[in-house]
Amino acid sequence: MPALSTGSGNDTGLYELLVALPAQLQPHVDSQEDLTFLWDVFGEKSLHSLVKIHEKLHYYEKQNPVPILQGAAALADDLAEELQNKPLNSEIRELLKLLSKPNVKALLSVHDTVAQKNYDPVLPPMPDDIDNEEDSVKIIRLVKNREPLGATIKKDEQTGAIVVARIMRGGAADRSGLIHVGDELREVNGIPVEDKRPEEIIQILAQSQGAITFKIIPSIKEETPSKEGKMFIKALFDYDPNEDKAIPCKEAGLSFKKGDILQIMSQDDATWWQAKHEGDANPRAGLIPSKHFQERRLALRRPEILVQPLKVSSRKSSGFRRSFRLSRKDKKTNKSMYECKRSDQYDTADVPTYEEVTPYRRQTNEKYRLVVLVGPVGVGLNELKRKLLISDTQHYGVTVPHTTRPRRSQESDGVEYIFISKHLFETDVQNNKFIEYGEYKNNYYGTSIDSVRSVLAKNKVCLLDVQPHTVKHLRTLEFKPFVIFIKPPSIERLRETRKNAKIISSRDDQGAAKPFTEDDFQEMIKSAQIMESQYGHLFDKTIVNDDLAVAFNELKTTFDKLETDTHWVPVSWLHS
């Protein structure tokens, strides 16, 4: 490996070395996993800050600065007193004014504290009323300012004692290292709490500002330091602790929205995890329901929260056929003729809670991620797809569908369709080689997995639109799909913007384009709501197609970022 240049000729170039390392090491790293790890490690902001601090300290160690005296504040007071007895001129007045300023006095006081190495806090004297036969008692004084204490308490059912139930990571109690789970609380600011309810004690703590003094009996059980590595999860549901009757302390809860990335700080409690929002500078963690607990209570409520399955009417079946439209040149075949075999209803087996994720950025030598487009019939998904293809035919591609119908004279195999026998089609169906398939007039039509691979192998972005239930089957290490939901605007905007537009209808055998009706708008809105409710946790991006040009620009910008930016993907995609 060639020598690395730090950009400086002395030993203070550690920071420059840290910045240069990832790019220098990239040609020598074989696996994507190792490269991602190196970028994460050397790109950590906290590490950069520590290195800068190290360099500053290293510099001052060489200078070996030592305080000239340990009583600068007293000396300044003496000087001011002496100057008062001298004839006052403008310079003396200015100096006296400076020495009398509170910030200058505070600076000199801090200087003396550092010079005298007087860092330990002054604890209050030990109370005289402690029984000699009583258990060991600790007197703890914490300064919490306006932040929460960062601990929860409960009443022990057997002894009736008030004990610490949980220490919140990053809170005042956690940072102090003096309070632990299981410690028995006896007094708060001199107020006995043995006969009080936890709610009353919480009120005392809430009303206390600045320093708080605790009298506690330490827990016999020693806590083992947590060795958990960094774990990030994507929330697949909305959560508001104020609406959760099961949470032990609503004030300690952490609210989040579907799609938020959370860093898990502790899983010590099987029911309530501690987490914080990724990238949040606030170190304090909050409580969230654990994966197992959330799955269990959602499963119990499931019969009540299930929505009606989305029935595939003759009109809605055209949504299945969208995967074929842009692959064919014969406009006469553009009619709703497919009955989707795998979209009779939404799959309700999964209980979405959390998904463990990790940062991922596509490398230049990697295949593009599969782009999956989802949306209700009539929302404009096909037009957006068509505009994308026209914008760059060398960069975007679509699949060629398979069919068992006879080839027509003007058609070429592999262009409009891939023509195969009925027996081979049915065999491929049994072997799960089709993403979706349907039947019309005794002929099969379908989109195969190999057709997706073919587009990706040409170093193109494959645009695939499918029914939403199919998305979860595509979420694999091979495809790493990015799922975009094209959502309709409000029904008022639909009436305003689509009044002159037309939709392909399947109510007659000709599949003629007819103007939108009020029923079409209602079906579009209802279908979108069900899709979002049942499969919204699988969508990476939602674009509202209110204005086609605006929606297209947003879609194009999303694709550009997808190819260059870092995104959160399931851990299984990188560590399978």
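For all residues, glycine too, the Cβ spot is worked out from N, Cα and C.
Here is what Swiss-Prot says about this protein:
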type    : residues : note
DOMAIN  : 10-64    : domain 'L27 1'
DOMAIN  : 65-122   : domain 'L27 2'
DOMAIN  : 139-220  : domain 'PDZ'
DOMAIN  : 228-298  : domain 'SH3'
REGION  : 289-383  : region 'Phospho-regulated basic and hydrophobic (PRBH) motif'
DOMAIN  : 368-560  : domain 'Guanylate kinase-like'
MOD_RES : Ser409   : phosphoserine
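The helix, strand and coil residue counts that DSSP assigns across the domain 'PDZ' (139-220) are 15 helix, 30 strand, 37 coil. Residue counts for the domain 'L27 2' (65-122) by DSSP state, with H, G and I taken as helix and E and B as strand, are 38 helix, 0 strand, 20 coil. Per-residue pLDDT, averaged across the domain 'L27 2' (65-122), gives 82.
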